[in-house]
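Annotated features in TrEMBL:
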type     : residues  : note
DOMAIN   : A:7-76    : domain 'Transcription regulator PadR N-terminal'
DOMAIN   : A:92-187  : domain 'Transcription regulator PadR C-terminal'
COMPBIAS : A:131-143 : compositional bias 'Basic and acidic residues'
REGION   : A:131-155 : region 'Disordered'
COMPBIAS : A:144-153 : compositional bias 'Acidic residues'
REGION   : A:196-233 : region 'Disordered'
COMPBIAS : A:207-220 : compositional bias 'Basic and acidic residues'
COMPBIAS : A:221-233 : compositional bias 'Polar residues'
Amino acid sequence: MSVKQGLMALLAEGPMYGAQLRSEFEERTGGTWPLNVGQVYTTLNRLERDGLVEPTGEADSEGRISYRLTDAGVAEVGTWWTTPVDRDNTPRDELTIKLALAVTVPGVDVAAVARTQRTATMRHLHDLTRLKQDVMRKQRDAERDEPEPDESDSTANHDLAWLLVLENLIFSAEAEVRWLDHVETRLHRESLRPFRRSGDSAGAAKARAEVEETAYRREVGSQQQTDRTGARR
Amino acid sequence: MTAPSLLLDNVTRVHGTGDTAVRALDGVTLEVMPGELVAVMGPSGSGKSTLLNLAGGLDMATSGRVVIEGEDLTTLNAKGIAQLRRRRVGFVFQDYNLIPSLTAAENVALPLELDGERAGKARRHARQTLDLMGLRELSDRFPDQMSGGQQQRVAIARALIGSRRLVLADEPTGALDTHTGEDVLRVLRERCDDGVAGLLVTHEARHAAWADRVVFLRDGVVVDSTGRASSAEDLLDTASR
Ligand SMILES: Nc1ncnc2c1ncn2[C@@H]1O[C@H](COP(=O)(O)OP(=O)(O)O)[C@@H](O)[C@H]1O
Ligand SMILES: [Mg+2]
């Protein structure tokens, strides 16, 4: 199950806004699968882009926007309920797979794939950093206006929570850029090897081993998470 | 359209000759506009420092042009370059380079004094600059009474004192931890938001992300760069939070 499916399943019960979706989701999964607000909103944005959900109208007085399923969304949820979960299909990272395939499928410019992704992830990182600067500026302004916030200051707490979420996303994006740098360097080195031949050369095999290793680690990670979740059931 | 603060036009730098020649930089073109912070990323040895040194007139290009605020360095003699550098360009290096026997304010005032300003006036100006950057409490401290992050922020103040509107920073956060590194970037970012042009060399993506644009170098060649536009505030829908 993915976050996407989970949120859509909840929306089948009626319109909800982001924070509501998140707390419902966590409550119903017994807190075994914590979501962050950023994840909920990015997912909603993707679903909206794909025509599966739509906003019910303008933001309410507190700036919240409710979402509901479109007809296509309703159909998708129906399909999800009636289709067995694919047990062979452990969650994998699409980018890792893409690069592993790019290395092995003839005729793909792997370095270009890596570079294109790095540019995109770098932009994402830039946008996240801008958002973070906004939060920090807001915090500094608040501190200046009210040097001793009282403990029940929920705005401050929410800003802090948002900041931590953003920083989590920032560190992940950074890790991805680093890994892509590494991939590019690795590919570059392999391309300089004199005995490299086209197709499945020793170089390509090594590079593939590298990405597979990463895929494996991620898989083990998600497996452990599944195990933990299972144990708590 | 405003002129770029810095323009590198098809710049190549070759060290040595013959078999041992190293192309540290190979046909790099890059411009930095006023108010813009551009980051340069790349593996070690890819030519980042060479690029920065050429941009600041510390090194001369083998071919191509380096233009600072409309002045083509290749048309100037050594003295002209030194003067241009002193008046227009501020450098920030990894190791702060503050003079240990001078206070923060005195360090910041130094470039003005070297340029012929009277000491009293230069120091008043230095204090104003430190105030403006939120560093007032550091004014009378000596370098060994400041943390690395504080020293580096003072170094940025020094780099931008007077009429200088171009700052070149080579791994300014290299020796700092996450939080202090971020304080340094914030100061740099704020200067650029005020109209200064900045070129920032870093190997950390998280730090490069403070820039408007990132240029990736490999073996002296620009292999990639992120666009000027920041596409998606809608990546994360802040409005509906
Ligand atoms: N003075 C020099 N003489 C010879 N080679 C040099 C000199 N300076 C730099 N290089 C070479 O130029 C390349 C780029 O160096 P540099 O700009 O310092 O890279 P970076 O800052 O990205 O690590 C390297 O291969 C380096 O060895
Ligand atoms: Mg260097």
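The backbone N, Cα and C atoms fix where each Cβ goes, glycine too.
Where the annotation comes from TrEMBL, it is an automatic prediction and has not been curated.
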Model confidence over the domain 'Transcription regulator PadR N-terminal' (A:7-76) (mean pLDDT, whole number): 86
Per-state residue totals over the compositional bias 'Basic and acidic residues' (A:131-143) - DSSP helix, strand, coil: 13 helix, 0 strand, 0 coil
Structural state census, the domain 'Transcription regulator PadR N-terminal' (A:7-76) (DSSP three-state): 35 helix, 9 strand, 26 coil
